[in-house]
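Take a look at the structure set out below.
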Amino acid sequence: MDEKAGKGTCEESDSAHKSVEAVEAQNNSASFQESDLGIMPGTASQHSRAQSTKDVVLRIECITDRQMKVGLGVSFTADVLATVALFTEFSLKITQSKDNWPTTAHKSAVANVLFGGLGLLLLLWMAILWIKRFLASPSGACWKHRRRRMSILVGAEVAVQTVNLLAFIIPNASMLHSPCSDYNQLLVTMCVLIRWTCWNTLFLLICIHAHNVNPWRSKGKSETEPSERLVMDGPWLLHATKLLLWVAMEVVVAAAIWVWLADADEIEPDDPIQCFDTTWTCQTSPRVQVTTALIVASGMAWFTLWLFLIYSGKHHLYGLPYTDFKVANLFLRLQERGRWVFIVFFSLSMALLWWVKTQSCASVAFTWLGLLPAQILASLNIGSWAYMMLPIAPGQANPMLQVWLQEFAWTCDQHAQLQRDRRDHSPQHQAPPPLFCMQQAFAALYWSGLVYDSHEAEGMEAKMGWGYELLGLDQHELIWEHRLDTKILLGWGPGGIAVAFRGTASLCNALSDLKVWRTDHPPSTGSRLMHRRPKVHSGFLRCWLADGLQDRVIQRVLDLAAAWDAAHSGQPVPILLTGHSLGGALSELAAYDVAKAAAAAGLQLRLSCYTFGGPRVGNHAFAMEHATAVPDTWNVINDQDVVARRGKLWVLYKRSGHRVIINTRGDLIVRPTYAEANIQRVPGGGSISQHYLGSYQRALLAVCLAQFSAKRYREGMQGVMALAAAAQPLEALFRQELNLTPSEMQDLARASEAAPEKWTDVQRKQLRKKGRTPGNWQDAAAAASIVNSSMGTTNGSSRSSAASLWTSNQREPGAKRQACWPAQQLGKQPEENHDVFLKLECITDRQMKSALWVAHFAFSLAFVTLFAEFGEKLTTHEDTLTHAAHKAGIANVVLGGILLALLLFAACCWIRQCIPVQSSKQWRGRRRRLALLVAAELTVQIINLLAFILPNGSLLADPCYRWQGWLLGFSVLVRWTCWNTLFCLLCVHAHNVNPWRPGGTEKKDAEGFESLVMDAPWLIHWPKAIIWCFMEVPIATAVWLGVSNASEEAQRLGHLTSAVTCDSDPALCDLQGGMLASVSCIVGFSGIWFLLWLFLLYRAKRHLLNLPYADFKIANLFLRLQERGRWVFIVFFTLSLCLLWFVDRHSCFSLAFTWLGLLPCQILASLNICVWAYMMSPIPYSQETTMLQAKFQDFAWTQSQHDQVQCKRQQQGPFPPPLFCMQMAFAGLYWSGLVYDSHEAEGMEAKMGWGYELLGLQEHELMWEHRLDTKVLLGWGPGGIAVAFRGTASLRNALSDIQVWRTDHPPIRGSRLMGQRPVVHAGFLRCWLEDSLHQRVIQRVLTLAAAWEASHPGQSVPVLLTGHSLGGALSDLAAYDIAKAAAAAGSNLRLACYTYGAPRVGNHAYARDHAEVVPDTWNVINDQDVVARRGKLWVLYKRSGHRVIINTRGDLIVQPSYAEANVQRVPGGGSISHHWLTGYQRALLAICLAQFSAKRYKEGMQGVIALALAAQPLEALFCQELNLGPADMQDLARASEASPEKWSHVRRKRLGTRTGPPAKWQDAAANSCPGPASPPKAALTSLTSSLSTQATLLLASQLLRTPFPCGAASSIKNSIDNRSSNACLGPSCNAPNHAHDLATQESISKATPTGAGEPCSSALKEGDALGFIASQLSVG
């Protein structure tokens, strides 16, 4: 809800950093980021961010389209069911012939108990769900006052309706138990009193809901602004007046009950013994009639009050900015839609079921036993309302995508900039989603009106002049089809091409509008199956095709596009298609056909389509096709425009493109959600006046004027002023309609910034000056032309004069105006946008979890079935063939039928997904190959199941059905052939991701990578076809022998005809030797298939390991999923045959369980293939989701790049997601190792020196808790604070690790109900709390933070917590507690937590809390690290923070999805060597080295070079482990760019030089730099910059021959390379070698440190060096 107010700490943090910029920043955000939610953009404090992200959020604030459709569908279902129930009871009451109380009451009670029970179950389930979410809040969530108020009201509604239903069911159940009981008994009467009291209370709660969004005009204290106070901010006593009405209705209800009881003696049966056959007296007294009338009157009084409150709240919200009060608008409109039916249905039910034929027993039964229609409506409606008001689980919704998609640009320049930014975050080969542009919308609006005036001669030239300037055109042409009166205005010039269609303007156009039947377009495209053929409105299509108009327009546009392309080679041709009303529909058809024709002609177009009030054109299939062909399509809809809002005709028509809703209140909603679009529409209403083109002009102007009021968007004022300055026609429009010049806009902007509340209604005052109809923009051009001709063009005149509107902004002749689609900035739209995508490529975590769960369930069910059949076979005593076959047949038919239904459903879904993409999308070869293979698997398994069910069904139908039938033999042949085919397809799948090297040479694909087998023709799989044929031979032999044996048995038992005799006859079930040999061959061939599959999978896996993971992510996922679950096909087939056939093979059960079908294999194969088909099904690809995932998986190499990216993200929206930093990861790794060496005296000072330099620190302190041996190394300095925890290094640490039981932390927080209390690992917590270690660490950190803040005012304190293994778990706990303590103390910390090989610390509740408090937490996991990968213990533990997976192959996966993280893990495996800290060091180095190979990331080489230059310890690490300095890296970068394929194995050559684990980084510091020092790089670089090239060469030549640190040598070498291209260093230099000259050595020793590796910054003097160089030059 819209709330800036609150109580307690939740609200105090939200009001801390309020400013005008913060208010502006939140205006363009989604509902969950509104000012009312307490989230304040622009707040630098991490505590504020954590506090805001902890807020409880209701589902209505970020409801998805599907959830809203479900909610509205439930409400609509409730209305329909209630209406049907009402008129059913009413008709029964009118038409019944015998008015008998027990009969009527019995019929009513049955329905009441049934529907009441269902409603009660629904409400109880919703209550449990609501309580679960509500109890989740104390575990760290913060309830805002308004959200809590709304939740309490909804909870009260659910509780009241639950009581209502109980009081509804109990008397009806009593009547069913005792049909002849009197309806005046005390139980029934009390239930009636309770029910009517509940109805009265529900009416009260509904009116409170409506009153809550009304303004609260109180002079008292409030935490919100006066203009934003709502009734829900006030105390509950504000609703005291409603209690008076509630009490009045209660008095009437009590009076009605008392009167009813008093008249009980008058209502009784004539003969109570024969109650069903006798006549009852059900007449009521006038007193009952009067009290009932008063109850109905009270209900209508509630309804009148509700109407008044709704109108008052609606009127109030209209004066507030929609973007800030989006949720309040949604809340109010939803009440307006469906809540009024409560009271109306109650009153209507009373009127129809009581007042009509009031003296009948049916009237008493249908009302006294409960109003069933009202109960149905109330239960479903309250259930739907409670669902939408439900607090969502943390992280369940991700509204960032919707915020991003609803962005728009004011001007063309801003449009181009935003598109460039979006392209930077787009995955490779994907264009960013389209962006709405206001300048383009105004230009399209002008041209849409221009085509209406094209027949006028007067002023047309001036009008066209403004049209030219808006789009940068210089010529035009009018195309007029007279028979159907279709007009098209076509313009062209340097800015591109514009095509405008006229709307309905004649009787011929109106007749075309009325032809609403549909026609195929394009003809013969798509399939009619499941309505996948595109169809469009016949009238619109007839206008477009009449008299060859389509061909003429398309040919003309293509000719102009070809000419434009020739003049602007290499750039897509910008084309704008627009129109109003009918013209908008025609522009959509034209855009689609032009796009198709241009693709066929090979022209690169950049199409944009802007329509105004355009109706829907085609069906869902056409809308999908159009969205693919012309994604930049925008349907601008003015509020309640009847033409644009209507015309859906249920499901016959679907809007193409994206919607943009505007209105004269200044609201602009770009790409509205389903909820936003539906609440804006008045049900059953519409306005023809809002369809006029002038109304669209007025609405767009209102949006611009609203930017100078409290309704403004972020940077809205600057956007409108830039829009006015962008083009003279726009400036003239603002002056004509708003009386505003650019200078006046600036004055208004300053005034509105000073007091925004004074400008709330400014747009109404400005727009009303022109009367009801706004002026014609095109007429202003003609008027301006007349004034211009009379006054002349004087550029020096004042801008306040009328002539200056068109003279002061005149451009020189021939000057080109930049259009909204600059080709040099946007480039080509990649063709990959039209590709088909498979679900596996963008599968969500929930979908992958569901798929893996189904796969695990299939394996478990198949395993249980196999051993159940095996146990039945071994333990049975009645070994007859008929008995065994009958028992097997029942299970086979039941489970086989279920599996067949599931497979058919999966096949239908798969076909449904494939059909729409056939005509509108293009299939890449690899995706088509995978889809065909999955389709083949589905088909084969369906045939397998049919051949599995048919013989079992025949056996059940005929108990004496023996094995003599050829149907059984044929079905066995088909089944085993299907198994053989499935094995072949599995091997084809595994072979597909192997490299394809025809003739032994590598073959490249389109992107330069090695081609795969799936790129090759199908004939490459011919060896598998041979194996398939060989396996078919023993299958056919086994079937022939089995049928022959069965025929002989049938002849022997031919006298058995009855079921009794055939069932008791012991048939011969022993197998012939030939048949046994054939089955053995089948098992052998299945083993061959399995070995082949293993070989192909291993070969493919080895191949993919050498390719970049980022580019082959899907191939890796595809391969790992096969490795996980596909092998069980063949293994289970072989295992089933061995257990069910060869074990006790003379048993009849052996023959029955195998000959009638291998049920375990059928279960496993069917479910597994369903999962595989689901993941391989084509989808209408949502590129925005992948772009957001790519944005989250971004990372920075250096700290400066990290800060730059985060600053850019913060400008795009408040609270950007955290970003992984490689430099910080190396620094955390170093400090994690440093704490292990803290006890060493030798070299510790040098090691600390490098540690200081990595993070900019100066001092350190060691804390050691001896009893549990916990070490904490704490460093601080100008760079911030670092806290490192030591990992497991002693027996006491190991004992702490194995204490895996859990303990509450924080204590007594959250509810234990449903696992909402945070609990953590007992051993880790004990280490952290022992001997008050946590208090000492926290107090020390806060003290250092306070000192740092004092020296750096206004900045947040950077704090890094890190650790390895156990240390990582302790740093996780410490980060959480430090953040909490800092928030309580008011410290502004910027916490980052980097852990290495850390185990999981707490449960799901703790992980949620930790993510809110310390979002910048990164768990680095090295490949198969057993400690980091294990320890989940089913659901007991959950990892905190974000994962980062690394390995020595050079792969880096930041924030992997569930699928990526799971396929990287070996099931049941793990490596202890990967857990070593040096293993993490080697993996990080492998990532850096991989950037100089084919596995590099974008700008990876530059990132690693920048990383090496960022700090000397990093440079030294690269020298030590990789033998690479920065200069070597640059050489390697140039070589790898020239021939990247030569460097694919460079990481192995570099990292493989060491046989053991890599050397410790910290030891390098002790060996090379004994003593605290700063790097000599700066001093050497400054020295060489002042010397000549020859002198620098000489000095560097000497320095490079000394055992000097790698940083100095590389620095000198880089300086020399930059200053002289002929520089020569090292032993190969042709200059005289002065290294061995004694005098030279003595001289150089004065300029260099005496000790190898000592810093030269303190000893190197420029004079000494120059003297040495001068002496050497003189000698030379």
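The backbone N, Cα and C atoms fix where each Cβ goes, glycine too.
Unlike curated records, TrEMBL annotations are generated automatically.
Not measured: the values here are computed from a predicted model.
Per TrEMBL, the features are:
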COMPBIAS  1-21  compositional bias 'Basic and acidic residues'
DOMAIN    499-645  domain 'Fungal lipase-type'
DOMAIN    1283-1429  domain 'Fungal lipase-type'
REGION    1-25  region 'Disordered'
REGION    1533-1580  region 'Disordered'
TRANSMEM  70-88  transmembrane segment
TRANSMEM  152-174  transmembrane segment
TRANSMEM  186-208  transmembrane segment
TRANSMEM  243-261  transmembrane segment
TRANSMEM  290-311  transmembrane segment
TRANSMEM  340-356  transmembrane segment
TRANSMEM  368-390  transmembrane segment
TRANSMEM  888-910  transmembrane segment
TRANSMEM  930-951  transmembrane segment
TRANSMEM  1075-1098  transmembrane segment
TRANSMEM  1127-1143  transmembrane segment
TRANSMEM  1149-1174  transmembrane segment
Folded-back contacts onto the transmembrane segment (1075-1098), same chain, C-beta under 8 angstroms, at least six residues removed: 976, 979-980, 983-984, 986-987, 990-991, 994, 1024, 1027, 1030-1031, 1033-1035, 1037-1038, 1041-1042, 1045, 1119, 1122-1123, 1126-1127, 1130-1131, 1133-1134, 1137-1138, 1141, 1145
Range from 186-208, 243-261, 368-390, 888-910 with most C-beta pairs under 8 A to the transmembrane segment (1149-1174): 888-910
Touch test for the transmembrane segment (290-311) and the transmembrane segment (186-208), at least 3 Cβ pairs under 8 Å: yes
Same-chain residue ranges lying at least 6 outside the transmembrane segment (152-174) that approach it to Cβ under 8 Å: 108-109, 112-113, 116-117, 119-120, 123-124, 126-127, 130, 134, 181, 185, 187-188, 191-192, 194-195, 198-199, 201-202, 205, 208-209, 212, 369-370, 375, 378-379, 382-383, 385-386, 389
Segment proximity, the transmembrane segment (186-208) to the transmembrane segment (340-356), 3 or more C-beta pairs under 8 Å: yes
PLDDT averaged over every residue in the domain 'Fungal lipase-type' (1283-1429): 92
Helix, strand and coil residues within the domain 'Fungal lipase-type' (1283-1429) as assigned by DSSP: 74 helix, 33 strand, 40 coil
Non-local residues, at least 6 beyond the ends, that sit with Cβ under 8 Å of the transmembrane segment (1127-1143): 859, 862, 866, 869-870, 873-874, 979, 982-983, 986, 1079, 1082-1083, 1086-1087, 1089-1090, 1093-1094, 1149-1150, 1153-1154, 1158, 1160-1161, 1164-1165, 1168
Winner by Cβ pairs under 8 Å against the transmembrane segment (70-88), considering only 186-208, 243-261, 368-390: 368-390
Long-range environment of the transmembrane segment (888-910) - Cβ separation under 8 angstroms, sequence gap at least 6: 865, 869, 934-935, 938-939, 941-942, 945-946, 948-949, 952-953, 955-956, 1149, 1152-1153, 1156-1157, 1159, 1162-1163, 1166-1167, 1169-1170, 1173-1174, 1177
Distal contacts, the transmembrane segment (368-390) - CB-CB under 8 A, six or more residues away: 58-60, 63, 67, 71, 74-75, 77-79, 81-83, 85-86, 89, 105, 108-109, 111-112, 115-116, 119-120, 122-123, 126-127, 129-130, 133, 150-151, 154-155, 157-158, 161, 164-165, 168, 171-172, 175, 183, 188, 192, 195, 199, 202, 334, 338-339, 341-342, 345-346, 349-350, 353
Same-chain residues near the transmembrane segment (243-261), Cβ under 8 Å, at least 6 residues beyond its ends: 184, 189, 192-193, 196-197, 200-201, 203-204, 285, 287-288, 291-292, 294-295, 298-299, 301-302, 305
The domain 'Fungal lipase-type' (499-645), counted residue by residue under DSSP: helix, strand, coil: 74 helix, 33 strand, 40 coil
